[in-house]
Amino acid sequence: MASAASSLPLLVSSLLLALFALGAHADVKRYQFDIVMSNVSRLCHEKAMVTVNGSYPGPTIYAREGDRVIVNVTNHVKHNMTIHWHGLKQRRNGWADGPAYVTQCPIGSGGSYVYDFNVTRQRGTLWWHAHIAWMRATVHGAIVILPAAGVPYPFPKPDDEAEIVLGEWWHADVETVERQGSMLGMAPNMSDAHTINGKPGPLVPFCSEKHTYALQVQSGKTYLLRIINAAVNDELFFSIAGHNMTVVEIDATYTKPFAASTVQLSPGQTMNVLVSADQSPGRYFMVAKPFNDVPIPADNKTATAILQYAGVPTSVVPALPQTMPATNSTGSVAAFHDKLRSLNSPRYPADVPLAVDRHLLYTIGLNIDPCETCLNRSRLAASLNNITFVMPRTALLQAHYYGQKGVFAADFPDRPPARFNYTGVPLTAGLGTSLGTRLSKIAYNATVELVLQDTNLLSVESHPFHLHGYNFFVVGRGVGNFDPAKDPAKYNLVDPPERNTVGVPAGGWTAIRFRADNPGVWFLHCHLEVHTSWGLKMAFLVEDGSGPDESVLPPPKDLPKC
């Protein structure tokens with residue numbers, strides 16, 4: 001079923017890690033990303049799609065903590081392009097962050113741009129992806145940041161490791177799918193399959209037998225799997241038949257280890273797990289299936305890959321996991337996330353802000369706005385504090401840096417315009433929003449608490465939110481309406497999970513805290529691309545401080561122009 005070539009990514013990873021061990025003194029890593037059209041075939045369908053260097057998923061970036069990374073991106077396709085280095089903090093250097101019209105204008109057809117950044121006090125698994133329209137469906141890849149030379153993992157050293165990139169596949173051109181949905185004012189068509197390392201696996205009908213990723217393992221050895229949810233619109237469960245996983249890291253921050261038979265990741269999140277090849281030699285399915293906790297149409301397609309013990313014939317039928325959570329199992333997801341704790345060791349402390357300077361409450365809404373050219377003369381929209389974000393025509397960071405007027409207003413409200421029973425009966429009237437390019441101005445070094453509150457406008461739904469430029473601590477979460485008088489007493493201020501992307505439960509809330517010590521303009525958005533395209537986003541404008549290293553760096557000379 002799986003060819004020997006399917007194990008090449010693990011071999012390449014092992015060789016690169018060995019080279020890093022030999023050349024630990026190297027501190028500059030250079031990469032060339034060519035944005036090209038490639039013909040790719042899955043499920044009996046071939047299509048031309050945008051890729052980096054002709055590969056899907058794209059190449060892995062390898063670096064060490066403390067390295068400088070230089071990536072020259074050359075755009076050979078007709079589409080505009082940007083690349084976001086998801087989870088890298090880019091201190092003072094928003095010019096390298098990548099979201100189109102937020103920190104940079106796009107790289108036009110035939111153009112190039114050099115992303116030049118330092119990996120400072122970060123180590124673990126992150127990822128990169130296109131950050132314009134829905135291009136990230138095919139333009140994405142892993143980032144592996146090894147600990148600084150001589151610094152061990154804070155868990156047993158694995159014998160080997162591999163990246164596991166979870167994604168989605170559309171037969172149609174993804175940009176066409178998004179554009180058709182936008183023109184109609186409706187939700188775009190769902191994907192045709194989920195993938196593991198770009199392949200749907202043999203359980204999906206239609207020519208999928210040869211499109212199966214296989215990870216070869218040796219009995220008795222332990223492997224570090226670097227799992228990335230690169231799906232466009234789906235939260236996913238991941239499980240390996242017959243094998244437990246030990247969670248040791250989320251979003252490139254170490255955790256207190258714990259065992260799990262199934263893990264759950266929202267789009268944008270990463271997770272490192274240890275897996276021991278301690279079962280009877282055989283072939284075992286790795287499974288990725290959607291988590292969906294609301295009664296609306298959703299993907300329910302399962303992707304599979306194979307954990308292949310060395311020496312076992314490929315004719316052996318792989319075993320499936322005996323039990324996995326139901327697609328709508330909110331209880332198992334909540335129980336899993338309750339186990340996530342920062343390592344909080346002397347080397348890796350959890351520096352949770354205990355005092356708060358700014359308290360923010362953002363309500364998450366799914367809305368309906370008028371649209372004379374759309375089906376039913378209306379379009380689906382989304383909002384924070386009832387504001388649907390409008391993307392500007394020039395980059396926000398450039399407008400801020402150069403003092404350009406009329407691009408944005410720095411008046412995003414700290415609270416919703418009206419209080420109501422956010423998670424009560426579904427609200428079907430008064431669903432319109434206000435439109436605006438509105439930012440929230442934050443003083444340098446201020447401590448911020450942001451409560452993200454889901455609402456029942458149209459329907460409750462879980463939302464993964466990603467904050468650029470920062471990690472944050474997830475100090476609390478709950479079901480129902482956030483109670484500012486009672487809920488903070490239940491916060492975990494000792495060892496809460498530290499993340500860059502967090503899920504807000506359907507009909508519930510999530511509270512995060514961070515210190516605004518990174519000046520610039522930083523995007524906050526839902527990482528379900530369908531919701532982001534509807535306007536579920538905003539940005540923080542973190543002011544410069546007074547110190548010599550507390551202001552935005554000057555822009556690079558090759559920064560693209562709008």
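Glycine is no exception: its Cβ is also placed from the backbone N, Cα and C atoms.
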Per Swiss-Prot, member of His76, His194, His468 binding Cu cation 3 alongside His131, His525: His468
By Cα-Cα distance, the member of recorded positions Asn72, His84, Asn118 nearest Asn244 (N-linked glycosylation site): His84
Nonlocal residues around Asn118 (N-linked glycosylation site), in sequence order (Cβ under 8 Å, 6 or more apart): Gly66, Asp67, Arg68, Val69, Arg91, Asn93
Lowest local Cβ density among Asn244, Asn386, which the record lists as glycosylation sites, within 10 Å: Asn244
Site of maximum Cβ density within 10 Å, from glycosylation sites Asn72, Asn80, Asn376, Asn445: Asn80
Any further residue of that chain within 8 Å (Cβ to the Cβ centroid of His463, Cys526, His531) of the recorded Cu cation 4 site: Ile364, Ala382, Glu461, Pro464, Phe465, His525, His527, Leu528, Thr532, Leu536
